[in-house]
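In what follows, a single structure is set out as structure tokens and then discussed.
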Amino acid sequence: MSEDKPHQNLAVIGHVDHGKSTMVGRLLFETGSVPEHVIEQYREEAEEKGKGGFEFAYVMDNLAEERERGVTIDIAHQEFDTDEYYFTIVDCPGHRDFVKNMITGASQADNAVLVVAADDGVQPQTQEHVFLARTLGIDELIIAVNKMDLVDYDENKYKAVVDEVNQLLEQVRFNTEDAKFIPTSAFEGDNVSEASENTSWYDGPSLLEALNDLPEPQPPTDAPLRLPIQDVYTISGIGTVPVGRVETGILNTGDNVSFQPSDVSGEVKTVEMHHEEVPKAEPGDNVGFNVRGVGKDDIRRGDVCGPADDPPSVAETFQAQVVVMQHPSVITAGYTPVFHAHTAQVACTIESIDKKIDPSSGEVAEENPDFIQSGDAAVVTVRPQKPLSIESSNEIPELGSFAIRDMGQTVAAGKVLSVNER
């Protein structure tokens with residue numbers, strides 16, 4: 001790991017089949033992050049299976065089942081360097097039922113690349129991903145208008161997609177000045193690492209140049225430690241090893257830490273990153289660590305690790321601002337869907353709908369409405385059905401956003417305004 005460069009977590013978002021995996025594979029390939037012989041092996045495998053051209057995406061699809069289906073599933077962490085930054089890609093899958101990955105993934109991202117196919121334009125998932133990125137606090141968006149090779153590198157096709165995406169960004173109040181558009185072909189490699197002769201009409205940066213120009217994220221090291229647990233492993237000779245990404249603060253060996261809502265604590269013995277032992281971990285670092293006196297059955301995915309003397313909040317109830325994206329009917333008090341917050345998934349009841357908000361102005365449109373529906377924004381009071389650690393978004397924004405899922409889809413997303421602790 002390059003210690004001397006700042007780190008960025010990059011989400012790659014967009015509609016299914018618009019070329020996200022191929023783009024990620026191409027970025028890794030162009031930055032020398034994938035050895036040539038591995039690419040060759042993938043190429044042979046892809047051709048044998050009649051999927052020639054998928055070799056870059058194969059870099060991302062490590063799971064045999066995914067390869068067979070031609071679909072990318074779990075979030076894959078991949079790393080590459082530019083001159084300025086050390087990037088971890090959070091490859092966010094695009095299939096309908098993978099949106100919750102997108103939520104746990106995007107909340108971990110500093111910035112995002114939105115991939116939109118030039119021959120297909122803005123699609124429902126494009127809208128949903130942009131909306132989620134906005135709600136979850138991604139500020140800088142690089143839009144790769146991809147598959148330019150399929151529209152013969154036609155500038156008018158490119159401009160039409162740019163207009164369409166800009167309209168979408170304005171709808172969700174994303175500052176369009178913070179959006180950079182680049183015509184690309186991940187498959188052919190146009191404008192990924194260097195300017196392409198096929199788009200002589202375009203004089204902007206390549207994708208890697210645009211990534212290199214991103215502002216440096218300011219790590220929330222001053223905030224108290226918050227580290228949501230993704231998995232818990234038992235490793236022989238070490239013991240129980242929780243794994244997760246530091247969202248805020250610093251994890252040091254020797255720290256006394258507490259896991260909430262499981263409510264167990266202990267001393268950090270070792271911290272490992274990329275299979276190397278490190279003295280401490282900072283925001284953005286994906287780490288495994290071992291805590292004295294904490295067993296595998298004491299903690300689970302969805303717990304949050306924090307200092308024993310400033311433990312993560314556990315909500316009895318919380319007030320939140322939500323935006324309903326798609327719900328087949330209406331949402332009323334008593335509705336109990338599943339909330340996805342950081343790595344936790346907990347059924348929560350909307351106890352009351354306190355205010356309806358006008359999404360365009362942010363003003364209160366109605367007090368105590370009877371119901372809300374798709375397109376509405378509202379302030380609601382929520383009661384988790386089992387213990388949930390969540391923070392107010394103005395105190396620890398990294399742990400203050402969530403998605404609401406029901407019926408196999410994301411129905412709403414939101415952020416926590418205040419927590420009434422248990």
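These residue numbers are counts, starting from 1, taken along the chain as shown.
Just so it is clear, glycine is given a Cβ too, placed from its N, Cα and C backbone atoms.
Note that the structure is a prediction, hence the values are computed from the model and not measured.
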Pick from 91-94, 163-166, 239-242, 419-422: which range has region 'G3' per Swiss-Prot? 91-94
Checking feature assignment: region 'G2' per Swiss-Prot, candidates 70-74, 270-274, 395-399. Which range matches? 70-74
For Gly14 (GTP binding site), just give me the three-state DSSP call. strand
Looking only at the region 'G4' (146-149), what are its DSSP counts of helix, strand and coil residues? 2 helix, 1 strand, 1 coil
Neighbouring C-beta atoms (10 Å sphere around the C-beta of Met148 (GTP binding site)): 30
Of Gly14, Asp17, Lys20, Ser21, the binding-site residues given in the record, which has the fewest other CB atoms within 10 A of its CB? Asp17
